[in-house]
Amino acid sequence: MNLKAYLVRTLWDEKLRNPLGLGLLAVLAGGVALLVGFYGVLPGLLLMAAMVALPTVYAIVAYPKFGIVVLLITAYFLFFFLRLGLNFPIGTLMDAMEWLLILGMILTFRNTTDRTVFKSPVAMMIMVWVGYTVLQVANPWAESRMAWLYTVRTVGAVTLMYYVFVYRIDSIAYLRLLVRLWVVLAFLGALYGFKQEYLGFAAAEFQEMSSDPLMVSLLYIDGHWRKYSVFSDPVTFSYNMVLAFFICLSLIRAKASLAANGLLIAVGGLCIMAMLFSATRGAYVLIPAGLTLFFILQFSKKILWLALASVFVLGVLITIPTSNPTLYRFQSAFKPSDDASFNLRAQNQKRIQPYILSHPMGGGLGATGAWGVRFAPNSYLASFPPDSGYMRIAAEMGWIGLLLFGILLFLILKTGIDTFYLLRNRELKSYCLAMTVAVFVLGIGSYPQEAIVQFPSNILFYLAAAIIQCTQKLDYPTPDLLSNDS
């Protein structure tokens, strides 16, 4: 018997259930024992991590649909894991998962000539956007190339995930799974927000907040702690609750079961209530803004009466006298001239305008925020608080970058609106409506806050854009799809 046949029989056929297998396991166990004896528990922990990591890496590349599910769950609970005291670079893990999914897609392309994933207007504009972020390495006004490197690693991977989503979402069943997963994750986030509101913060969470005076000034307002649930901050928490509300609202269908619609109404209402715990004024404005687009796209006599009722309720909430701090903060969101923080943002925007006009490519990717402070602490932008997604883009990537992102956002919304009116399948129509409103809400929310920066919002933005595109390709005029309303 030759060596190859022997190894196949021993390792594959017999699965090491033989003397060789016992010998290898004995040597491995002895080696681990020696390493632990000399170097402590670290080698054992590394081995255990490798036993989990290697199969996971294989599964993400070989089974990308599973990888996308893992990515979404990890993105949602990323900061929750960090607050547990987990001393592990989970952010790097997120980047690794994204690049593995991208690698898996590239490897798949070797066996196919189908490149339609790159041919839509949105897909081509994303190519331009990614190309511009890469071109930023040659930005003559950039203060630090290291800031660009650290930023483009994450920004590039997140943006390229659009192509992975479009390529891998190839059935209504899988699309339905992702949308339901999104709603379930939001529901869990809302529940944890309720836990923080009524049962208090965990010890580690409260220690993190109270130990930083800056964080106390941001989170402790009018004698009440702002809640952030499992997210990085109250803004991300509130924006994701608004997204979940509009998804639930869009999925309510006349021919669906009473139980299904009731569950969607309950989850949507829970998310809106949880959003209030964040005390984020910017999120309050997103509700009427999103409802406006929702009512326009769904326009009918019944929707008209619902819209009028919503306007009446909103008007009462805005104008009614109150001593409730939560309701008062809600009302102040619609009176920006009386809001000191809004006026401060307006002053910062006015102050940065000459810089933006004189720097068409901006000050370089990563010039503001943590990377700017770390790699170019003495630069002009390092101390500039963008406080807005659009202002960050304009400051870091110039008015050229702001123009490109504006075009990208316009194309996504145009594609969503056009697709919504063309779709025949009612379920796909609901998904398209939900994602179009979600992108619109994030676009509006990027003006007062940085809506598409932190996980999971950045991933969900490109997932929503991809789902809009996927509803087009899945809308075949076949009887099973046309009648599918589950």
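Backbone N, Cα and C atoms are what each Cβ position is placed from, and that goes for glycine too.
Which of 90-109, 210-229 counts as transmembrane segment depends on TrEMBL, and there it is 90-109.
Your range for transmembrane segment, going by TrEMBL and the list 355-377, 447-469, is 355-377. The stretches the transmembrane segment (428-445) and the transmembrane segment (235-252) are in mutual contact, each linked to the other by at least three Cβ pairs under 8 Å (pairs 6 or more apart in sequence).
In summary, the transmembrane segment (397-416) lies against the transmembrane segment (121-141): three or more C-beta pairs, each 6 or more positions apart in sequence, are under 8 Å. For the transmembrane segment (66-84), the list of distant contacts is 56, 59-60, 90-91, 93-94, 97-98, 100-101, 104, 161, 164-165, 168, 177-178, 181-182, 185, 188-189, 192, 202, 204-205, 208, 230-232, 455-456, 459-460, 463: same-chain residues at least six beyond its ends, Cβ to Cβ under 8 Å.
A contact between the transmembrane segment (355-377) and the transmembrane segment (20-39) is absent, since fewer than 3 of their C-beta pairs, 6 or more residues apart, lie under 8 Å. The average pLDDT for the domain 'O-antigen ligase-related' (270-405) in the predicted structure is 82.
Counting C-beta pairs under 8 angstroms (sequence separation of 6 or more), the transmembrane segment (147-165) fails to reach the transmembrane segment (264-297), with fewer than 3 such pairs.
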